[in-house]
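To start, the structure itself, in structure tokens.
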Amino acid sequence: MENGAGAGDDEYTRDGSVDLRGNPVLRSKRGGWKACSFIVVYELFERMAYYGIASNLVIYLTEKLHQGTVEAANNVTNWSGTVFITPLIGAVVADAWLGRYWTFVAGSAVYLMGMLLLTLAVSVPALKPPPCDGGGGGAACPRASALQLGVYFGGLYTIALGHGGTKPNISTIGADQFDDFHPPEKLHKLSFFNWWMFTIFLGILFSTTVLVYLQDNVSWTVGYGIPTLGLMISVAVFLAGTPLYRHKVPQGSPLATMGRVVAAAVWKWRVPLPADSKELHELELEHYTSRRGFRMDATVSMAFLNKAAVKPAARLPGWTLCTVTQVEETKQIVKLVPLLATMVVPCTLVAQAGTLFVKQGVTLDRRIGKFHVPPASLGAFVTATMLVCIVLYDRFLVPAVRRRTKNPRGITLLQRISLGMLLQIVTMVVTSVVESRRLGYARRHGLVAGGGQLPVTIFILLPQFVLLGVADAFLVVGQIEFFYDQAPESMKSLGTAMSLTAYGAGNLLSSAILAAVERVTGGGKGRTPWVTNNLNASRLDYYYAFLATLAAANLLAFVVLSCKYSYRVESTETIDVDVAMDDVQGGGVARVKSEAAPMA
């Protein structure tokens, strides 16, 4: 990957990038793919560390801490939910006070402490409950003590806290290395998120194959120790690239700004709006350029909020007068909230791959000759499928579709997300059918009561993992890029955190749905809940069919909202890219046209 050198590379960046001391930076000295290489290597090792814990967590909770299937699955999704909600805190801290770099560094230190504590919890005998007597059986398995649970879950939730500082900022730092006002760099940035996700899933692939195997067949100490060491290495690599990074100056708390705009509009609800939007309060352009910020024009959408920028005739408290830019930034975030709500159910479906999908694998024959496939390793097929699909999407589908649509991304981000949602529905339908056949085999051969392993290969689950990988290639990448791209320039970390919050809410919703299904379906005498510790006696096929129905209703709501959504346009210029197929393959020159555009 090239650093995007070209004409004008000795000039200063135009997007407000600075070094750590706040000085403007030369394009040729910092940023681009050269700086991103350090950030990408960090993400590779960090994802290996995170998924080295998350991929096999449900197995450790059930087999080592002796928790039931529903309890363990809910503990996994509750923790995952926390992991993806804490980035909201990190985003606010980064955008308001510390900046993305220092928030990331602080989060990394906390993250590393959690990994060390977790490795200690699986290594010291006194911090683990004794094994089950007689090789298994619920009554013969001693429960973990309060100390053992406290140390283990203390490590998990310390990781969640550190993750809040790292996750919303690392991808944003990477995207910040490309100047939106420099056409060649803008073009590179269009592919950044695809390759970013490619690197992430490379790390996940290692975790779901090598690390999961070591945990199941060597020891949990080795299986946790390697990702802990990997995290140490990744932080060192990131810090080594510090002299090359471009940084953005914190613009103030986005939540405080939005709260002030809403409060001011409500306070002045009786004040009429002027006929000319130029009469609304706004600062001079020099104010923004001196702070390397962006000024935005007033729009008619959500016109009530424009009252916050009305200059009142009567004397009012100073906080009630906001600038047009503050109002428009608030509108941009508010516009994203309905779409964010429709991201929760898809993230609930993604959560099944790390919980119930894995427990399904435990009930099946995992042998390939003398080798036993760890159930969590099937997650590698999700990752591998995503890697292949992302490359095909970026290198072939986008250039081919771009020639027809004239859209630099081929299809819009919301179209990409909707395709991912549709493929998720197909995945859950297939999963329900496969599970129905697995349960039918257990009933026909009298293997329901024992809850033991069925003489059926684990690879009957392969279609649901592969289909989920294809769906994620559209949904996951599109979701992250959409919320970053559509967030105001001063709130990019918040935009990234919003996309992660959907995963947090999705995991928590998964816990709530699973608990409710267990309670409702098992409410009568003699009734077996859809999900129990004995999966051979459960009705997981009904549960998956319910999730498919829920996802279909959610897709309908998403399509309705998408049709009404208008994309944000850059405040000073948009870049229309028309690249022929041979240009992408290196055979030609990209034609880039820049034109002024108002804020929409």
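Glycine is treated like the rest: Cβ placed from N, Cα and C.
TrEMBL entries are annotated by machine, without manual review.
These features come from TrEMBL:
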TRANSMEM  101-122  transmembrane segment
TRANSMEM  192-214  transmembrane segment
TRANSMEM  226-245  transmembrane segment
TRANSMEM  336-358  transmembrane segment
TRANSMEM  378-396  transmembrane segment
TRANSMEM  417-434  transmembrane segment
TRANSMEM  454-477  transmembrane segment
TRANSMEM  497-517  transmembrane segment
TRANSMEM  542-561  transmembrane segment
The transmembrane segment (417-434) vs the transmembrane segment (497-517): 3 or more CB pairs under 8 Å: no
For the transmembrane segment (101-122), distant same-chain residues with Cβ under 8 A (at least six beyond the ends): 20, 49, 53, 60, 64, 90, 93-94, 128, 148, 151-152, 154-166, 169-170, 173, 220-221, 223-225, 227-228, 231-232, 235, 238-239, 242, 245, 247
Stretch in 192-214, 378-396, 454-477, 497-517, 542-561 most in contact with the transmembrane segment (336-358), if contact is a CB pair under 8 A: 497-517
Of 192-214, 378-396, 454-477, 497-517, whichever stretch has the most CB pairs under 8 A to the transmembrane segment (542-561): 497-517
Sequence-remote partners of the transmembrane segment (378-396) [C-beta within less than 8 Å, at least six residues beyond its ends]: 55, 191, 194-195, 197-198, 201-202, 204-205, 208-209, 212, 353-354, 357-358, 361, 458, 461-462, 465-466, 468-470, 472-474, 476-477, 584
Folded-back contacts onto the transmembrane segment (454-477), same chain, C-beta under 8 angstroms, at least six residues removed: 193-194, 197, 346, 349-350, 353, 357, 360-361, 363-366, 373, 375, 378-379, 381-386, 389-390, 393, 416-417, 419-421, 423-424, 426-427, 430-431, 434, 437-438, 441-442, 445, 447, 536
